[in-house]
Structure formats: structure tokens, C-alpha cells
Amino acid sequence: MLKLGKIIMHIAILYGIFLIGNWIQVTFHLIIPGSVIGMILLFILLYTKSIKVSWIEDGTRLFVSHLTLFFIPATVGIVNYLQLFSGKGILLIIIVLISTALVMGISGVVSQWFVRKKELHHE
Amino acid sequence: MNNIIIGLLAIIGTLIVYLFMWKLHRRVLLPVTLPIFLGSIVIVLVLLLFHIDYDTYMIGGEWINQLLGPAVVALAYPLYQQRDLLKRLFVPILMGTIVGAVVGIMSGVLLAKWLGVEEFIIYSLVSKSVTTPVSIVIADSLGGAMPLAAVFVMIAGMGGVLIAPFIFKAFKIDHVIGRGVGIGSASHAIGTARAMEDGPLGGSASTVAMVLSAIIVSIIAPILAVWML
């Protein structure tokens, strides 16, 4: 029971940081989503040791390991778009796959090039 | 009163389906047994079979959706855990991720435009390489459809894991960091889970790339996509 209370508390902190992120986005008219601002904010808070990892750890770990549960309702909305994926809609899947292949290949090549340069430099 | 019962049923039903699929996935560790994939299919089938509107399901689903924002905030934690790697390999990972983000957005928009895809669909696939909760917010802000964005993210994740061995070979990516950044930039959490099976270092690189990619794409997608369309 104590553990459950702790987890709810941790998730409440995450929610609070999300709301602060939203507030920052609206106040400063930023394009970056409030949730992403909240994530950067939490990272800075942890990194600068402004808050202790133990204040959010258990809840966050549980949250992250079951992240996809929260994606289900949004994904189920596809029920209203099913006709898109019949016939010509298969093209959409092919577009996504080609683009995904390009991202994977090119980002991998670029970072590999920089890592090798760095490794050479250190030897 | 009625709405509360419908809402509770939707939430409990979603939880049961998710937990069942989660247990199944632990036994059969394959991309096609992912709870988000099979779980969504089961719920879609239930809605179709019993003629339940999506709006009715969302009376409860909306409550689960409320947690998407904090879910993104929670991603700071895995990034924090990888802070040493982030510091040590900041430039290689950041460079790969930025180039990947630009390539992903531009290739998606160009291919779709060339094939005459409707505009709201293009806006839904712009952010397909980043994790679902960030991707659907980007799609929504551009004028895309959130469920479409969620499905494109899933295709990029599962498809990416399937094609990864061929891509690494074709692009001659044999360094563990290059592979991690490639799969994390293109296939977010689904790719990262796959990378972790191969080893902790690649998994860590993939985690960092996935989180950085979410930040970068959310900044540049609105600018690039609007400029290109």
C-alpha cells in the first residue's frame, strides 16, 4: 500500500512538471510541445541534482516500462480511418518504410563517422 | 451516471487487454506480439463487432490519454540514466540524430507529395520516427490526424526492426553506436527494445537517440513541413 502511494506521488510530480511545461509553452508562444519542455525541465532538475532521483524513480520506472498502455486509446482511433488502408493505402505503408530505412541508414552512418573520428583522435 | 459506467468499462477493458498482451509478449518476444499492436487490434475488433463508436470508447479512453503528457516527461529518466554516454558521445549522437530527423521529415513529405497523398495524411506521417505521445502532438498541431500518426509511428517501429539487419549491411554500419543511433532515430522505443537485446551499449545509444530525436523533430517538423507543403 505504501509502495502504491509512493508511485501515485511520483506520477503526480511528473504531471505537475508536464503542467509547468505547458504553461511555459503557452506563455512564451513556443512551437515545442509542453510535454517535451517538461521532459527537458525534469532532465535539468535531475542533472543539476535540484531534485533527488528517489523522488520520482519508482513511479517513473513503472511508467516507462508500461508506456505503450497509454498509447492504446489514441491508436484505436484508427477505427475511423480503416478505409484509408485498403487498396492504394498500402502505398502509405511503403512510404513510411522507405523513409524509415533512409533515417536509419543515414543517421547511423553519420554518427558512426563521428565516433570513428573521435576514436582515431584518442589513439 | 451512465457515462461513468461506460468510461470505467473502457478503462478496465483496455487495462485487461493490455496486461494480457503484455504477458503474451514476455513469452513470445517478437515485434508482432507487442501489446500496443495486438492490444489495439483487439480493441478495434471489439468496437467493430459490437458497433461501438470510437467517441463512446473515448469517454474512458480520454482518461488514459491524459497520461500521455506525463509519459513524455518520464522519458527524462532513461536519458538521465544514460547521462555519461550522452556526455561522452554527445557530438556523434546529436549529429546522427539531427541528420536523421531532417531526412525523415523531408523524405516522408516528398514521397507522399509525389504520390499525391492528401495533405492531412502527409501531416500525420511527418513525425513517424518519434515516440507516439510526441508524434501525435506534432501531427495535431500541424493539422494531421492523431490516430493516423500513432499508426505510422507503429509501422516505423515494427517495420524498422524488421529491415534493420538489411539497412546496417547496405549502409555498412557495423559500429555499435552507429547501429544504436540508427535504430533509435528511426524506430523509437520499439527499435530501442530490439537494440537492447543485442547489448547494453547499443541499447543506451538508441535510448539517447530516441529521446533527442523526439526533442529535435518537435522543433523542426513544424518549420520544415509547413515550408515544404
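Cβ coordinates come from backbone N, Cα and C, glycine included.
Features of the protein shown, as given by TrEMBL:
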{"type": "TRANSMEM", "residues": "B:6-22", "note": "transmembrane segment"}
{"type": "TRANSMEM", "residues": "B:29-51", "note": "transmembrane segment"}
{"type": "TRANSMEM", "residues": "B:63-80", "note": "transmembrane segment"}
{"type": "TRANSMEM", "residues": "B:89-114", "note": "transmembrane segment"}
{"type": "TRANSMEM", "residues": "B:120-139", "note": "transmembrane segment"}
{"type": "TRANSMEM", "residues": "B:146-168", "note": "transmembrane segment"}
{"type": "TRANSMEM", "residues": "B:208-228", "note": "transmembrane segment"}
Ranked first among B:6-22, B:29-51, B:63-80, B:89-114, B:208-228 for CB pairs under 8 angstroms with the transmembrane segment (B:120-139): B:208-228
Paired segments the transmembrane segment (B:63-80) and the transmembrane segment (B:146-168) in contact, 3+ CB pairs under 8 A: no
Per Cβ pairs under 8 Å, the stretch of B:29-51, B:146-168, B:208-228 packing most closely against the transmembrane segment (B:89-114): B:208-228
Distal contacts, the transmembrane segment (B:146-168) - CB-CB under 8 A, six or more residues away: 31-32, 34, 36-37, 40, 121, 124-125, 127-132, 135-136, 138-140, 174, 179, 182-183, 186-191, 194
For the transmembrane segment (B:208-228), distant same-chain residues with Cβ under 8 A (at least six beyond the ends): 72, 75-76, 78-79, 82, 85-86, 93-94, 96-98, 100-102, 104-106, 109-110, 113, 122-123, 126-127, 129-131, 134-135, 137-138, 141-142, 180-185, 188-189, 191-192
